[in-house]
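Listed in TrEMBL for this protein:
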| type | residues | note |
| --- | --- | --- |
| DOMAIN | A:66-178 | domain '3-dehydroquinate synthase N-terminal' |
| BINDING | A:70-75, A:104-108, A:128-129, A:Lys141, A:Lys150, A:168-171 | NAD(+) binding site |
| DOMAIN | A:180-324 | domain '3-dehydroquinate synthase C-terminal' |
| BINDING | A:Glu183, A:His246, A:His263 | Zn(2+) binding site |
There are 2 protein chains.
Amino acid sequence: MLCVNVELNDRRYPIYIGENTLTNPELYPLNAGQKVMIVSNPTIAQYYLETLTHTLEKIGCVVEHVLLPDGEQHKNLDSLNLIFTALLKGNHGRDTTLIALGGGVIGDVAGYAAASYQRGIPFIQIPTTLLAQVDSSVGGKTAVNHELGKNMIGAFYQPIAVIIDTQTLHTLPKREVNAGLAEVIKYGAILDLPFFNWLEEHIDKLVTLQTDALQYCIARCCQIKADIVARDETEKGDRALLNLGHTFGHAIEAHLGYGNWLHGEAVSVGMMMAAVFSEKLGHLAPQDVARIEKLLARANLPTVSPDGMQPEEYLPYMMRDKKVIAGKLRLVLLKQLGQAYVAKDADRDLVLNAIRCCTQTH
Amino acid sequence: MLCVNVELNDRRYPIYIGENTLTNPELYPLNAGQKVMIVSNPTIAQYYLETLTHTLEKIGCVVEHVLLPDGEQHKNLDSLNLIFTALLKGNHGRDTTLIALGGGVIGDVAGYAAASYQRGIPFIQIPTTLLAQVDSSVGGKTAVNHELGKNMIGAFYQPIAVIIDTQTLHTLPKREVNAGLAEVIKYGAILDLPFFNWLEEHIDKLVTLQTDALQYCIARCCQIKADIVARDETEKGDRALLNLGHTFGHAIEAHLGYGNWLHGEAVSVGMMMAAVFSEKLGHLAPQDVARIEKLLARANLPTVSPDGMQPEEYLPYMMRDKKVIAGKLRLVLLKQLGQAYVAKDADRDLVLNAIRCCTQTH
Ligand SMILES: NC(=O)c1ccc[n+]([C@@H]2O[C@H](COP(=O)([O-])OP(=O)(O)OC[C@H]3O[C@@H](n4cnc5c(N)ncnc54)[C@H](O)[C@@H]3O)[C@@H](O)[C@H]2O)c1
Ligand SMILES: NC(=O)c1ccc[n+]([C@@H]2O[C@H](COP(=O)([O-])OP(=O)(O)OC[C@H]3O[C@@H](n4cnc5c(N)ncnc54)[C@H](O)[C@@H]3O)[C@@H](O)[C@H]2O)c1
Ligand SMILES: [Zn+2]
Ligand SMILES: [Zn+2]
């Protein structure tokens, strides 16, 4: 088992990464007699709810659970309210610990519920998708969607522990695993060339979920994200680098309608566009663009624009991005492989040009 | 004009208390070009929305507003969502300042919206009820109700400024003014004998809303609350003293159905019960109980149990209080006038006895 610590101004908390952490009572910062409420959904609960409940009961906890409907479309105030109702019906006070058992959706909703119930109760993350394990469970961002915007309502709220069981990935659809790998490759590309090199050697082991490679990979990603978060807890500076490929990717997601492509798939193509753009600016060598493309392809991720989406269709979406300030398009680009920066006023013709290079021609 | 500063660990903010602060652009920590969203309700907006909008426009702000339905029954997630919808429709980002113009209900909902919109935007309180001016606008507690419990969902979130215009109290129903005076008297009773003495001299001026007395009184209350909050921002210790009379009071509110008696009226009777209890314990002198009773009566507040509510009916409600730990009733009592303490295991027979002494006999 590996452990990464997240260091904040006034607190720290551990992220445990191991093979059977779901069944190891010693990892849980809970005592006999304490009350816990597990938040999950039916898809995940069928595999892991009983196991987790059993582990917590071994500690001596009083365990209840509440299941939310599965899906991004339920990441909203209604699901949030289901959690509050369960907490109030069970007479839970400020000493109850909320546990998120699930992917990024469950983690984000449960985290915001924990931040808000009686103005804050303890919270543990047990992420069960690769994306949640390397990204959403680390950093303390919690949110629900509004019908007029994604992740518009939420809080910065840190868990007391993150417990990652790599075994849970074996029930995750392969496509979701691969989408998670897009974020993994992103960490290498923006900040960590040695890790990128390591990924080139081990990507097949990750795709096939080999435990040792997975553990090392997840721990490395958590460490990179934890370092960024420690420098920038409430997202004023450095965190921006984590958005490599995301502005292009959001255009794809919005154009196709959320849910058609997975987030990681859209980000994969977006990273290619950012890489090509960086090459056109003279920063990134052509062979490094090729390395990124090859690694993404080996993770079974798309590297070209979705069928039928025209290059001209990207910019209107991109200009609506939160990162647009006074009409200027801010984009995360690469100075070189393993070193990202924020371009404050990206030239639109070059953007279009880069998008064209990543568009299928029939 | 008077000013009280609230000192927190890592920030401070001013509370301005004056006669025409609504029309004084200099008090607002806002610059030309900044966007603001005023949150209010129709009752309050008819009197003050135009004035405030005009003042903010003088600064050069871009001003929008959203009105919530009036009433405690609308202090919920639906009203919260109305604010989010208005913010999103108007394309507001993290640099928009939210302004609460209203009583405690508007302040609590708007404060929680400010804490949650895009995980936190700047917030200004303009409280327009006496209760909000001396109590709810100070301290950073924000909340909405759940159908299963009051104030169960919320955040600790501090404003960047509180701006109090004593003139607004002239349109407030007298009964609401008096209810606010119950909380004022509470501050004197729990922590500040000189202020209690001052109140005995000036209560008639407060009831008739004389400006100088009002300003001094509000500033003093804000100072007392700010001091407590500075010592205990997230409510782990000292803040408990602010609950003098509230455990009894909540029983009355719950028994009559929320909204029949005003909160301050129930607290007034609750303070009498706590005072009588303290006397029975040998702490408070009988003449001090009489002083409290007289002061409350001069503020036109009730000092005996509502018609028809039996003494035995209090305890079941009181035992459901958040302050009950392991079946032990915690009550705020008085060591002497101006000095409160928390009794950790109040004797139930004595409680009943004290309630009986404050019950009308026909
Ligand atoms: N808070 C942050 O910092 C942050 C960062 C990135 C993404 N996010 C959010 O994360 C969400 C996406 O998360 P996600 O990709 O984990 O999606 P998800 O939570 O919707 O999970 C994907 C699917 O896999 C299922 N699932 C989860 N674990 C499983 C398992 N072990 N076995 C079988 N099925 C399983 C889920 O029920 C769901 O159907 C988005 O809402 C996004 O906004 C948040
Ligand atoms: N956050 C805290 O620390 C805290 C502390 C105490 C109470 N509270 C909350 O405050 C709320 C009660 O606040 P309240 O007593 O101000 O009630 P309120 O906000 O409902 O206002 C009372 C009534 O007066 C009207 N009104 C307000 N200002 C007016 C004015 N100047 N002229 C005419 N009408 C006016 C309102 O529209 C309302 O109808 C409760 O929800 C309570 O939970 C919060
Ligand atoms: Zn992402
Ligand atoms: Zn009160």
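Sequential numbering from 1, following the chain as shown.
Positions of Cβ are set from backbone N, Cα and C atoms, glycine also.
Location within the structure of each feature annotated in TrEMBL.
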residue  : record              : contacts (Cβ under 8 Å, 6+ apart)
A:Asp70  : NAD(+) binding site : A:Asn41, A:Pro42, A:Thr43, A:Ile44, A:Val105
A:Gln73  : NAD(+) binding site : A:Gly259
A:Gly104 : NAD(+) binding site : A:Pro127, A:Thr129, A:Leu131, A:Ala132, A:Asp135, A:Ser136, A:Ser137
A:Gly107 : NAD(+) binding site : A:Ala100, A:Gln125, A:Pro127, A:Ala132, A:Ser136, A:Ser137, A:Thr142
A:Thr168 : NAD(+) binding site : A:Leu22, A:Tyr47, A:Tyr48, A:Thr128
A:Thr171 : NAD(+) binding site : A:Tyr47
A:Glu183 : Zn(2+) binding site : A:Leu130, A:Leu131, A:Val134, A:Asp135, A:Cys221, A:Gly264, A:Val267
A:His246 : Zn(2+) binding site : A:Val267, A:Gly270, A:Val332
A:His263 : Zn(2+) binding site : A:Leu131, A:Ala179, A:Gly249, A:Glu253
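Listed binding-site residues A:Asp70, A:Gly107, A:Thr168, A:Glu183 compared with chain B at a CB cut-off under 8 A give none as close ones.
A mean pLDDT of 97 is what the model gives for the domain '3-dehydroquinate synthase N-terminal' (A:66-178).
With helix defined as DSSP H, G or I and strand as E or B, the domain '3-dehydroquinate synthase C-terminal' (A:180-324) counts 105 helix, 0 strand, 40 coil. Across the domain '3-dehydroquinate synthase N-terminal' (A:66-178), DSSP assigns 47 helix, 33 strand, 33 coil.
Checking the binding-site residues A:Gln73, A:Thr168, A:Glu183, A:His246 against ligand 1, the ones whose Cβ sits under 6 Å from it are A:Thr168. In this view, A:Thr129 (NAD(+) binding site) is surrounded by 26 other Cβ atoms within 10 Å of its Cβ, with every protein chain counted. Sitting within 8 Å of the Cβ centre of A:Glu183, A:His246, A:His263, and not among those site residues for Zn(2+), are the Cβ atoms of A:Leu131, A:Asp135, A:Ala182, A:Lys186, A:Gly245, A:Gly249, A:Gly264, A:Ala266, A:Val267, A:Gly270.
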